[in-house]
């Protein structure tokens, strides 16, 4: 029976909750769990992972509709462009941060994620990129002392 997503943001949130919950369960199960009276280091991650998994399933079920026509399927209702460019921007930042430094990697990341919109206003996007990069350097490099280089190392 075909499935249609009736609320795409909730669907993506449900998937993220589900992934975080399953990850928490997987990571927490490698530690000693104990019991409610004598909790081990794996107790809280296991409980939190279970709650997140349950929450993710509830959110996913609420945003799905069964019995729709074939052209209204799950893949057709998902907006691929924003998801692709936002994920791509994070990957690009991860690849460029050590080589280009925090400032330039943040500018490139913001420019790539700005391509997720269909209406791109380049001057606004460039201003946002520069402002966000300056804020990121101020907070993470100077404020928190992050060891990531600010500019490319020559």
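Using N, Cα and C of the backbone, Cβ positions are placed for all residues, glycine too.
Curation does not apply to TrEMBL; its annotations are automatic.
Listed features, source TrEMBL:
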DOMAIN    12-149  domain 'DUF1468'
TRANSMEM  12-31  transmembrane segment
TRANSMEM  43-64  transmembrane segment
TRANSMEM  84-113  transmembrane segment
TRANSMEM  125-151  transmembrane segment
Kindly report the helix/strand/coil residue split of the domain 'DUF1468' (12-149) according to DSSP, in that order. 101 helix, 5 strand, 32 coil
Looking only at residues six or more beyond either end of the transmembrane segment (12-31), which have a C-beta under 8 A from one in the stretch? 40-46, 48-60, 63, 83
